[in-house]
């Protein structure tokens, strides 16, 4: 393949110059739109799949496909923040609508059980853009020292390092070799995402099938085999294996994870036994760095005021465009920090009671847990051994490699 050629989703050789050619669904859709006729069922999905397959950039060994979910944050975030800096009312409208749009998109992808890089792209680009605005608009004013810039940069680097660790293996259970072999034989020409999902969705003959609810695959049979501690194991019909206690099946990743907590859209990965500590560390570094950056910016823009008062009352914030942009970015950071702070608070409470997010959802569904602290935490009582023991158990996660017995893989 030359740099402008690629193999499309149908397995045919294609060229970037033909990106607007030979799309019967798009032609039919335009024709029906001009004649005021309704589109046939599934036409929009087919058009979207075709467009997503043809959006590529030239590369050495062939054109590389661009994930469309990466593009909106890179384009819309700077535009919206600059628009919000033009006037106080525009800032109020933009900063109010942004969380609503993000929550709507999360609900849409969660309902369709789709993986997306939108939230990871939004988070990383927000960090980079806020850091750029800080260096470009706040530091030149002369009220931020060199040591403070170094401290903020170190916090950002540490947060990214913890995030990189959290993106690694969360503790996936190994897939039986028979499943991998049969999946590769039966699905040779499927796309990567569909192959990954169907790879773990194939069930053996005679095994009960089920559907996923709240990230948990229903329809698995409860096994009578017990671990040395007397805790029962579960049979996962999706992965065709016996999973240990507290493990769960993620319907988005299509894998079973040891001590599954939840699937986090902000890292586009599961949070499990192997990366839960790194996830908490990344959230903690983000909170410290973000609050420190907000404080430095408000001290620079709104002098002689405390950060909390300046956040709500800063008379000279819109006197010039530079101050307005910095103040708008501060409010954007404050909204994101409040959301991440709530996530961190729930995580810390769950760790203190030794309960995972998945276990809390299942306890609410089965009405087997009790609400504590105004409903912020659901105590199942199954693994709670006291505050110190619970934190000691959490800090020891992943310290020793899991032992795989013959029962774990079927």
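The backbone N, Cα and C atoms fix where each Cβ goes, glycine too.
The transmembrane segment annotation in TrEMBL covers 79-105, 117-134, 146-163, 278-301, 321-345. As annotated by TrEMBL, region 'Disordered' applies to 200-219. What TrEMBL lists as domain 'Palmitoyltransferase DHHC' is 232-360.
Listed stretches 117-134, 146-163, 278-301, 321-345 were compared with the transmembrane segment (79-105); the greatest number of C-beta pairs under 8 angstroms is found for 321-345.
Secondary structure counts, DSSP: the domain 'Palmitoyltransferase DHHC' (232-360) has 68 helix, 20 strand, 41 coil. Among the stretches 117-134, 146-163, 278-301, the one making the largest number of Cβ pairs under 8 Å with the transmembrane segment (321-345) is 278-301. Listed by sequence, the residues of this chain that lie at least six past the ends of the transmembrane segment (146-163) yet keep a Cβ under 8 A from its Cβ atoms are 127, 131, 134-135, 139, 267, 278-279, 281-282, 285-286, 288-289, 292-293, 296.
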